[in-house]
């Protein structure tokens, strides 16, 4: 092989290797910043079509309804823990260390974004509450499908009295 061909071959191999390295780093960065949406049932039982469950340490978004009576606040800090459930019976505990949105209430729909812990709790970095009684985030509405039922607070209050 003459020196000119050898130089071209070395340059081509280096160029292909560089492009492959850049592509793999780009895919790794995109994958680590990807936030997948799950319902509480999908976290507990896995996705319905694939059976895939999120791994501990994975960054995810969870949408569902805040379970009535599940909210526990720490009186000395902003730490709050509550459960989120869906119509299929799945439930996950969420911890949050910041101010909750003004519209956050038990029995309301929310979307929480954070990291799934080894213990199955979601350490939320962001909690979004729905706007009014008719609004539901698109991901939550799609995931809950036709099984979502609006809570009737008047019946709950009369039963409690």
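Note that Cβ sites are derived from N, Cα and C of the backbone, with glycine treated the same way.
In Swiss-Prot, the annotation region 'Disordered' applies to 138-161, one of the ranges 114-137, 138-161. In Swiss-Prot, the annotation transmembrane segment applies to 9-29, one of the ranges 9-29, 30-50.
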